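What follows is one structure encoded as structure tokens, with my remarks underneath.
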Ligand code: PAF
């Protein structure tokens with residue numbers, strides 16, 4: 001029988017285990033996920049292992065962060081396989097609550113982050129970040145880890161989480177995990193599984209085009225011209241639509257005109273019904 005990481009399903013059982021570890025003086029880490037684990041998630045488990053003694057991986061496909069017509073029902077649910085994959089990592093425990101455990105009868109509270117959520121993913125997916133902020137707040141308070149890690153793949157999500165954790169004085173260190181890429185450079189994502197072979201080949205050009213943008217901008221190109229050129233190249237490469245290609249300040253996510261502080265290009269392009277996200281650092285010159 002293949003080994004599998006044990007799971008608890010209730011907040012009570014999660015807290016009992018975390019309290020037991022803390023009584024032993026162990027540091028606890030949390031890796032929040034929606035399951036369908038790929039090597040990007042596993043890299044987060046390995047990265048947080050450097051800071052903690054025990055690791056909880058939560059698996060919960062959070063309904064409140066999916067909009068109307070999005071893929072909540074179709075989102076892959078693969079808990080048995082996920083727990084087997086985690087057996088090859090330093091993960092200690094899976095927390096896999098059901099919807100009723102996470103959102104109890106009468107649930108009526110939402111965490112909203114102003115400003116940062118107005119643009120990019122917030123504009124394309126109204127209500128998405130309220131769902132993320134609310135479930136992540138709950139997960140952090142349910143587990144009360146010392147450290148929690150989130151991938152830089154969802155760069156705006158990481159910025160939003162850092163904002164409310166600071167604003168609400170949640171006593172957890174937030175760590176960013178490096179974006180993990182497939183062999184052709186496509187950012188690892190559970191949604192890549194939705195791409196057919198032809199779409200997958202097109203998807204591999206996303207990071208190449210963004211790398212060209214970063215090189216052009218680093219060589220002094222005008223930022224708006226470089227964004228437009230990248231967007232045109234994505235459409236020529238076969239992407240159906242480009243939601244945005246934007247160069248922003250790496251911390252505030254404000255659109256900038258010059259690279260004087262660390263910057264980031266954030267981009268979303270669509271192939272078929274799949275929205276692909278990517279982002280890359282642009283160093284200050
Ligand atoms: O990034 C994700 O997988 C989700 O948005 C998260 C942080 C687990 C919250 O549901």
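Every residue gets a Cβ built from N, Cα and C, even glycine.
Residues annotated as active site, proton donor in TrEMBL: 41. Look at TrEMBL and you will find 34-41, 151-154, 180, 188-191 tagged as ATP binding site. Annotation comment: TrEMBL describes 65, 157 as (R)-pantoate binding site. Residues annotated as beta-alanine binding site in TrEMBL: 65.
Mapped onto this structure are the features recorded in TrEMBL.
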| residue | record | DSSP (3 states) |
| --- | --- | --- |
| 34 | ATP binding site | coil |
| 40 | ATP binding site | helix |
| 65 | (R)-pantoate binding site | helix |
| 152 | ATP binding site | coil |
| 157 | (R)-pantoate binding site | helix |
| 180 | ATP binding site | coil |
| 190 | ATP binding site | helix |
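Candidate recorded positions: 34, 37, 41, 152, 180, 190. Those with a Cβ under 6 Å from ligand 1, in sequence order, are 34. Neighbour density at the Cβ, taken as the number of other Cβ atoms within 10 Å, is lowest among the binding-site residues 37, 180 for 180.
Residue 40 (ATP binding site) sits 20 Å from residue 65 ((R)-pantoate binding site), counting Cα to Cα.
Cβ neighbour count for residue 34 (ATP binding site) (all protein chains, 10 Å cutoff from its Cβ): 18. Residue 152 (ATP binding site) sits 11 Å from the residue listed as 'active site, proton donor', counting Cα to Cα.
Within the same chain, residues at least 6 positions away in sequence whose Cβ sits under 8 Å from that of residue 157 ((R)-pantoate binding site) are 121, 129, 132, 150.
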